[in-house]
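Each remark here refers to the structure printed beneath this line.
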Amino acid sequence: MTKLHYKVKDISLAAWGRKEIEIAENEMPGLMTLRKKYGPAQILKGARIAGCLHMTIQTAVLIETLTALGAQVQWSSCNIFSTQDQAAAAIAATGVPVYAWKGETEEEYNWCVEQTIVFQDGQPLNMILDDGGDLTNLVHEKYPQFLAGIKGISEETTTGVHNLYKMFKEGKLKVPAINVNDSVTKSKFDNLYGCRESLIDGIKRATDVMIAGKVAVVAGYGDVGKGCAQSLSKMGARVLVTEIDPINALQACMDGYQIVTMETAAPLSNIFVTTTGCRDIVRGEHFAVMKEDAIVCNIGHFDCEIDVAWLNANAKKDTVKPQVDRYTLANGVHIILLAEGRLVNLGCGTGHPSFVMSNSFCNQTLAQIALWTKTEEYPLGVHFLPKILDEEVARLHLDQLGAKLTTLTEKQSEYLSVPVAGPYKVDHYRY
């Protein structure tokens, strides 16, 4: 059977998608600078990158950066609801194979990911760009014959990074990987500032609820949880936080939030947001005591944080509109579930703004370049990008914000034992 060149919702959406991509490019100065810097040398020539990452307008700019640098690229989304169909169409129309549409079934999702492994000429992938680990796991488990030819994996998100470390610890990881998530210009920007804007956008588009005056509980106080708590608080909600880690819990307390258990929060809260990357955070016993029309949503990568199966088994489901379901419990109370417990900011909104994603995707691009061109520096294991590149990503975004850096004098440089051009911090500095 001949391989499809692409599969998207509607290729006629390409013109709309192209207009949005052009606007996004102006908001993604880092990626556009990397095109100018590395494009002429075609630094990724020969790379066959299989990508599994939310097929959004911002990702379209990333894809076109990779191809501008000489790579061949095939793409699927890493979530069944996160594709922006106009973005998928616009990229497919350029000849890049895209297999993604909003509202895939689980079976369709798996099919889409699998389409990215072998290219149109019959050659397999030799690089992986992943978000969450589904593509990495698929290749390791189902296509081990291709592993020897893969130079590297770059992983976008916390959940996928956990997967890489677990695989490496168990001896199952067969390809060198770069942990993009823990680059400072990713985790401290995308995870925090991105979620701070996109969480509210998703909730508002889905429900139009007034957040001011409500009680909201945020499960988890990592970078994602911090951003979510800030946004809810700034909208006027009283924010509760649940945590397992005493350090994060103390941070939340010092930021003015009350640390409670989910058992305490469940009957008090109007809005529930899970951010943990763990399973079984909101369970049946919590649903049973919730307020009328409590809004429950997740902004962690996978859909295991909220026990949706319990709701489906114990409550009557009524779909209000796509990605908004209102459940009726046996006690007559209604619960509103967003995006079927998957990423609310992408399922009900359009995800993070372009500017902050330029930070993340610069890290992805630099990781792909590093793994492709400096293979000998990345033995089997999970690595980080060097600090000097992290600083460079930040530097690429300052002009657009009108920021002017101070330059160290030679005496200051000598006094601090810090190079004038950086890096300015030791690797373990926490920011």
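Yeah, the Cβs are placed from backbone N, Cα and C, and that goes for glycine too.
The substrate binding site annotation in Swiss-Prot covers T56, D131, E156, K186, D190, and the record cites similarity to another entry as its basis. Under a cutoff of 8 A between CB atoms, and with a sequence separation of 6+ in the same chain, the neighbours of D190 (substrate binding site) are H352, V356, M357, N359, S360.
Note on N345 (NAD(+) binding site): other Cβ atoms within 10 Å of its Cβ, all shown chains, come to 27. The NAD(+) binding site feature in Swiss-Prot is assigned to 157-159, N191, 222-227, E243, 299-301, N345; the stated evidence is similarity to another entry.
DSSP assigns K226 (NAD(+) binding site) to a helix. On its own chain, E243 (NAD(+) binding site) has G220, Y221, A249, A252, I259 as residues at least 6 apart in sequence with a Cβ closer than 8 Å to its own Cβ. Annotation for E156 (substrate binding site): same-chain Cβ neighbours under 8 Å, separated by at least 6 residues, are L53, L129, D130, D131, G132, V180, N181, K186, S360, Q364. Each residue contributes its Cα atom, and for G222 (NAD(+) binding site) and T56 (substrate binding site) these two points are 25 Å apart. With respect to their backbone Cα atoms, K226 (NAD(+) binding site) and T56 (substrate binding site) stand 24 Å from each other. Neighbour list (T56 (substrate binding site), Cβ cut-off 8 Å, at least 6 residues apart, same chain): S82, T83, Q84, A87, L346, T350, G351.
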